[in-house]
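Notes for the one structure printed next.
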Amino acid sequence: MTSVSVLLYVAVLDSSGSIHSCTKEVLDSSGSIPSGILDGNIRSLGNYDECLSATAGYEKSLGFTSQYCLTMLRLDTVDKGSGGKVTLDRILDMMTSGRRYREWNNHKIFVFRNNRPNGPVVCAPGYESKGPGFNSKLVPWVFFLHRRITPKVTRGLSYLPECSRFEMALCLPSSCSANDLEATLGRLAKEATKDTGLHVEVNVEESACQVSSQMKLRKGDIFFFSVIIFLVVLTAASSTYHIIQTRKKKDKIITAIEGTSNKLLTAFSLPNNFRKLFNFYVPEETIKNIDSIRFLSTLWVMFTHKSFSAMQEPWSNKAFLSETVKDISKMVFHNSMLDVDTFFLLGGVVRSYTMLNQLDHKEFGYFTGFIHRYLRLTPPYALMIGFFSTVVVYCGSGPIWYRGVVVQSDWCRENWFLNLLYVNNYIDNQRLCMLQSWYLSADIHLFLLAPVLVYPLWRCRKFGILLTVIALIISIILPAATIYFNKYVGLASSLISDGDAINFTKYVYYPTHQRMSPYFLGLGLGYALHCLRNQSINIKKSICILGWVTSLLIQAAVIFGAYRLIQADYKYNVVEATLYGGLHRFAWALSVAWLVFACAKGYGGFINTLLSARMFRPLSRISYAMYLTHIAVMFMSSARLRTPKYMDEYYMMHEFLGDIIITIVVSMVLHVCFELPFLTITKLLTTRRNPNK
C-alpha cells in the first residue's frame, strides 16, 4: 500500500507545497496489512473515528473533508505454470477458513455446489443458472412459490457468515469518489501482483465511503419520534390518574361501565402494569411448565441470532469458527435452529387447549379469535418495525454500520406492509424487515389453520384423530419432498455455501407449509391435555422411565446426529439430507411434547419442579418483547465494531450474557409501556360479556 500512502500525502498538501498538519491523522487512520492473516484476520478496518475527525477545523482551507472508505478485495489464483498455484490456493484457503468459493462476496461469477458432484447449480446473483433447477412437473403444488435468486439478495443477509471478505480501510479526501478509488487501487493491485500468480480485484461501493455529517431527520423519523412522545405523555397521564384513584376512598360500588372506563384510563399506568408483570399467581387450569419452556427457548433463539451476527463480525482469529464445527460438544450451538420448533409446538398446544375450552363453553369465534390474535401481536411488532424503519440508523456508526444496520432499515422502509400483512415469509423473504419476523407470519397462518383440525377433534374424536394424523404425515412429507427433488441441504450451518444457505432458508426454513409438523403435533398434545385436564393418570414406572429415556435419546440424535452433515469435507447425499430435513423437526417436537405431557401430569420429578417455578411467570410474559427486541440489540452491537476482536468461548458467552441483560431491560420497557396496555385494550374490545355474570 506504499503507492496509496504517497497519494494520500499528495492529497493533503496545502497551497505552499508543504504537508498539512492533519496529514498524520489521515495516514494513521488508514488500514494496513494486519498480522495473523493466516488465522483469518483479513479485515483491516483502520481507525474510523480518527479518519472522520482528521480534517476537523480545516475544511475551508483544504476545500474538502476526510472520508473513510472500506475497500473490498477479491483474491484468486492464476496458473502461471510454475506450480505455485497450489501453494497460493492453500494459503488463501487458510485465510478464509476454506470458504472463499462459498461466499457471494468473493466472486462475481461462481457456481456453488458445496462438495456435490451432481448438486443444484446456484450462480452468483445477477447471473442465470445453467444447471438443473427444481422440477415443477414432479410435484407442482409443492414448488409453486419457488423463484430464482435475484440480485436483490447480494448484501445485507444477516445469516450468512463472512470469512472470505478481504477488506482494507483508507482515509482520503471526500473529493475522491468510490469509482476513482476503485480504478486507482485496481491499477496498483494489478501492477503489484504481476507475475505472482495472484489475481486481486478491488471493489469499492458508494455506501462504503463515509464522511462526518450531521443527522438529518426524515418525515418518517419525525413521525416515529412524535408517536414515542405521545406514548410517554399518555403513560404519564395514565399513571397519574391511577395513583390518584388508588388514594381515594372506595366507598361506592363501581358499575360495569365505570369499571370498563377505569380499565381503559389505567391501561398505560406504569404502577398497574408493573404489578401485572410481577404477578406470580398461576391459575389451576394453566399448563405450568410452558412458561419456563417459552422463556428458555427464547434464550436459545437469541443465541442462534447472536451466532449469526458474530459470524459477520471481523475477528482476528476467524479460523476459530471452522475449528468449533469440528468439536462435537458444540453441536448444541451449531445445530440450534431447532429452537423455533419448540415455539411452534407450544403455539399448537396453547391454541388447541384454549380453543377446546372455548368450544366447551360455546365462546369460540373464528373471526373474533383472529382479531384478538392480530391485535395481540401487532402493536408492539409495529412499534419495532417503526424503530427499524427510522431511528435505528442514528443509534450508532462504524465501518460496517451501513451493511449491518442501514441496509436492514432500508428493507423495513420498503417491506413494512408485508410484515403487517403477515406474508413476509413468502413474499421477498430474503429481504426481511427484522430477521426473526418470518416466524410471526407462520404463527398467524397456523393459528388460522388450526380450527380445521381442532374442531373435528372436539366434534368427532375418531375422525379428528385420523385427520390430524394425515395432516402430520403430509407436514413431514412436504419438506422432505422439497429437499429431495431440489437437492437442497437438510439443515443450515456455518460451512455450507451462501447459495445453499439462501435456497434452504427461502424454500425450506421460512415458508409456513414447511414448518407445520411441530404445530400439528402441538394441536394433538393440547387435545390430549384438555381431555385429561381434570384426571389423574397412572403410568407405570417402567413406562415413565422409558418415555424419558426415549425423549432424551431423540433429542441427542437430532442435535448430534447432524455432526457429519455440517463438516467441511462432507460429500452431499440427497437421501441423508431428505431424511434428516424431513424428520428432525417432528422428532424434536415429539421429544419436547413428552416433556410437556409428563410434567403436566405429574411425572416430571425435579424437572417439573424446576420448569414450574413461579419465577418464570414474569420472564415468560416478556418473552414476546424479547423476541422482538433482541435482534436490534445484537446487530447494533456488532455493527458498531471499530476493530477485529479475538473470539473464543468465554468472550462469546460474556457478550451473550450482556445481550440478555440489555434485552430483558428493553423488553420490560416495551412490555409495560406498550404491549400490556394494548393487550388490556384488546381484551376489553374482544371479550364477550355475559350479562348473567
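The backbone N, Cα and C atoms fix where each Cβ goes, and this holds for glycine too.
All annotation found in TrEMBL is predicted automatically rather than curated by experts.
According to TrEMBL, the domain 'Nose resistant-to-fluoxetine protein N-terminal' annotation covers 5-204.
Look at TrEMBL and you will find 222-244 (among others) tagged as transmembrane segment. Residues 265-272, 383, 386-387, 389-391, 673-674, 677 of the same chain sit 6 or more residues outside the transmembrane segment (222-244) yet have a Cβ under 8 Å from a Cβ within it.
Residues or ranges marked as transmembrane segment by TrEMBL: 381-402 (among others). With a cut-off of 8 Å between Cβ atoms, the residues of this chain six or more beyond the transmembrane segment (381-402) that come close are 45-46, 48, 68, 70, 169, 207-208, 210, 215, 218, 220-221, 223-225, 227, 312-314, 408-409, 412-413, 416, 419-420, 433-434, 437, 440, 628-629, 632, 636, 638-642, 670, 674.
Sequence-distant contacts of the transmembrane segment (438-458), counting only residues of its own chain at least 6 positions beyond either end whose CB sits under 8 Å from a CB of the stretch, comprise 340, 343-344, 347-348, 351-352, 355-356, 359-360, 366, 369-370, 373-374, 377, 381, 419, 422-426, 429, 432, 464-465, 467-468, 471, 509-512, 515-516, 519-520, 523-524, 526-527, 627. The transmembrane segment annotation in TrEMBL covers 438-458 (among others).
Look at TrEMBL and you will find 465-485 (among others) tagged as transmembrane segment.
Long-range neighbours of the transmembrane segment (516-532) within the same chain, counting only residues 6 or more positions beyond its ends whose Cβ lies under 8 Å from a Cβ of the stretch, are 287, 341-342, 344-353, 356-357, 446, 450, 453-454, 457, 464-465, 468, 471-472, 474-476, 478, 585-586, 588-590, 593, 596-597, 600-601. What TrEMBL records for 516-532 (among others) is transmembrane segment.
According to TrEMBL, the transmembrane segment annotation covers 544-566 (among others).
The transmembrane segment annotation in TrEMBL covers 586-610 (among others).
If you look up TrEMBL, you'll see 622-640 (among others) marked as transmembrane segment.
Beyond the transmembrane segment (660-685), the same-chain residues lying 6 or more positions past its ends with a Cβ under 8 Å from any Cβ of the stretch are 231, 235, 238, 260, 263-264, 267-268, 270, 273-274, 276-277, 299, 302, 372, 375-376, 379-380, 383-384, 619, 621-622, 624-626, 628-630, 633. What TrEMBL records for 660-685 (among others) is transmembrane segment.
When pLDDT is averaged over the domain 'Nose resistant-to-fluoxetine protein N-terminal' (5-204), the result is 69. Sequence-distant contacts of the transmembrane segment (586-610), counting only residues of its own chain at least 6 positions beyond either end whose CB sits under 8 Å from a CB of the stretch, comprise 287-290, 292-293, 338, 341-342, 344-346, 349, 472, 475-476, 517-518, 521-522, 525, 528-529, 532, 536-537, 539, 544, 547-548, 550-552, 554-555, 557-558.
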